[in-house]
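Here is what TrEMBL says about this protein:
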- 1-80: domain 'GST N-terminal' (DOMAIN)
- 87-222: domain 'GST C-terminal' (DOMAIN)
Amino acid sequence: KELTLLGLWASPFVLRARIALSLKGLTYAYSEENLDDKSELLLSSNPVLKKVPVLIHHGKPVCESQIIVQYVDEAFPAAAPNFLPSDPYDRAIARFWASYVDDKFYSAWIPVFRGRTAEEMAEAARQAVAALETLEQAFRECSKGKAFFGGDSVGLVDVVLGGLVGWLYATEAICGVKALDAGRTPLLAAWAERFCALEGVKGLIPDVDRLLEYTKARRAVFGLPPLRP
């Protein structure tokens, strides 16, 4: 009863919180939300934004995925791994690249999901791939030749980008553009495979077919044209 997470299975932001809790080995209750009919608990826990994820810890709500991941790290420092490094400069760098994932990569990728035309969706995917190429260089610098952005163990940037891996794999099925291309971003392609194989991550990443069906259903709700076959 100590920890409850309000979420939606397809949300990459919810997945970040689930991955963070799972990697730290923390037990929590999970409540799946219907965003077309939001629960009173969600509305009262996040009255400003009214969206998931929300982590409720001892009755106190924490909102927004990156804030939740950092909160979990600070609230449970004895549970490894630690997502934020001890050095203040290294913490700042991690937060910078975590913000880049949302501000540059994800904002470019959104029309892949919500674009009206196939051309608009494909162009968005290409813009997202360009942002991934920048993250490829960030990985080279942050990892220092090791397995993760955090070095030997998973860090903040790994969790933040890792929540999007399922959608990265689904991008090709949605619009025909391969997002994680070993030819263009070999380090990130290999990183994604390692990340998905982690004990705390396996079983959490939604598969491509399920995400594709979810995309089709949500586009119908939004009144958007169906995907091309």
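Every residue, even glycine, has its Cβ placed from backbone N, Cα and C.
Note: TrEMBL annotation is automatic and uncurated.
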According to DSSP, how is the domain 'GST C-terminal' (87-222) divided among helix, strand and coil residues?
97 helix, 2 strand, 37 coil
When secondary structure is assigned with DSSP, how many helix, strand and coil residues does the domain 'GST N-terminal' (1-80) contain?
29 helix, 17 strand, 34 coil
